[in-house]
Amino acid sequence: MLLVSSIFLLLYRNSPKVEASRSEPVPIYLDNLLNAGRQVYDNQSPPVQHDKEEVTVVELAMYIEGMSSFRTQTMDFQLDVYFQQFWRDPRLAHNETRRVLVKDKAVLHKMWKPDVYFANARIAEFHEVTQPNFLVWIQPDGSILYDTRISMVVVCTLNLEKWPLDSQRCHLRILSYAYTTEQLVIKWKEDEPITRNPNIAMSDMHIVDLYPGLCDGNYSTGTWSCVTAEFFVKREITHHVMQSYVPTTLIVVISWFSFWLDVEAVPARVSLAITTLLTLSTQANAARMALPEVSYMKAIDVWMGACMMFVFGVMIEFTIVNYAQRQVMASSLESVKSGNAEKKPSRGDLGAHARHLFLRLRTNERQHLVEDPPEQIAMNDTAYDTAAPVVQPPQNEDAEAQEEVWAEQKETNLSEVWKESDPAERLAHWNEKENDASSPLMGNGRAHVRYGAAEKMKNRKCNDSSRKKEKWSSAIKQIQKHKRNGSVFGKIAGRNRAKKIDQTSRWIFPLTFIIFNLTYWIYYLYWKE
């Protein structure tokens, strides 16, 4: 049977050539050749397997029909390509004037074809709808084109140090699985090996360029031929600018409103700082949700961290302002107290002053008692005579001793008053002690005064007491006013200090943020590769 088939094939090849407008899908003699078995056509061996000096060269080309977005969580991307392989098999040369088209999958399985595979493809599959998407062209000299449509998910280890300002270079590695470089060599076609659909558009990436490359590697089993298709893509940053950079910038600017709020508005300033800090933290968490957990710092991490530091700096600035204000107020109050302590009289001066005041009051009282002559007083149409002797100022030693006792008592009472902590309380108690120390005229003999003189003396004493109370009240008010003035001065000084710090922060924080922005964008867009 094998002999008959060989004779038929030779007769058919030597027969006259017939010109035709188009070739048959598969000539009968080729079908017979493929069905003749391994003794006639061995589909398990490369075309030049028996020629030790030559190797089978397979050229590759690829047309990219579609490409999906690069997923950072899984670090891969989808690819839809028309994959083309070119090689020459002299055993399939024919006498047709045009190329032979093979569309039958059964015929394809009877032919030898390269065993290339995609090394870093997670999933790869042929398209089968509505028919298997492949074709085989066989030229008269045995040159073969095998074209098929493949969809795959390609793994790409992304470098996210510049995310979302990054650009990525991903490679598709294509190797022969069973043949080493001694039997089969893979290489790209010389004329535009990688082309793409110009209408490809991705949501967050755009293709910059496509580069063919080689990746022959030495393994323990030998040297294997390998080629790569490099995809250079750049991330579109418009979405990230609008979703991440602009909102966080506005949050930082809003936190600066605290510098224009009154330093006494503690709830407003604290609430503003905490609210902006929490909002910024939420924005940072939302930006990180789409990213995998990596061990290095990304560009978005630097931005979010810097923005949080600026907002946290606003809180620190308010703490410093509040502390500085309280320190200045405390220093002012201490200086006022020190001035009052320096002006406080000594106990010796106080005693002398009290003794002098008491003697003057006693002399005035005695003069009031003796200045009215004896007279008759009409009361209820009745006259009463008071012929008793008028009391004279003490002239003996006992009276002088009594006056000294009163003076010492007065000094003791006033000294106890000055032990009080507050000047206003001291003056008030001093007034009470002095009123208590002012006793009626005392003597060894009995004093007999007329009823009218006693009433007159009582009225004068009331007037004197009212005048003294007014003097003490005026003195107390002056001291309290002095204290209030010292407190107000300290408060004003503290507010001025806090205001200066806020005014300085109004231009330091924006200027620092602008410098950070310039450094950040220049570094990640132009400097860092």
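Heads up, the Cβ atoms here are built off N, Cα and C, so glycines get one too.
Residues or ranges marked as signal peptide by TrEMBL: 1-20.
Look at TrEMBL and you will find 33-207 tagged as domain 'Neurotransmitter-gated ion-channel ligand-binding'.
Taken from TrEMBL, the feature transmembrane segment covers 244-263 (among others).
What TrEMBL records for 245-521 is domain 'Neurotransmitter-gated ion-channel transmembrane'.
The transmembrane segment annotation in TrEMBL covers 270-291 (among others).
What TrEMBL lists as transmembrane segment is 303-324 (among others).
For the transmembrane segment (507-526), the residues of the chain that approach it from at least six positions outside its boundaries are 162, 165, 252, 256, 259, 299, 302-303, 306, 310, 313-314, 317, judged by C-beta separation under 8 angstroms. What TrEMBL records for 507-526 (among others) is transmembrane segment.
Outside the transmembrane segment (270-291) by six or more residues, the chain places 72-73, 160, 163, 243-244, 247-248, 251-252, 254-255, 257-258, 261, 298, 300-301, 304, 307-308, 311-312, 314-315, 318 with a CB less than 8 A from a CB of the stretch. In the predicted structure, the domain 'Neurotransmitter-gated ion-channel ligand-binding' (33-207) carries a mean pLDDT of 89.
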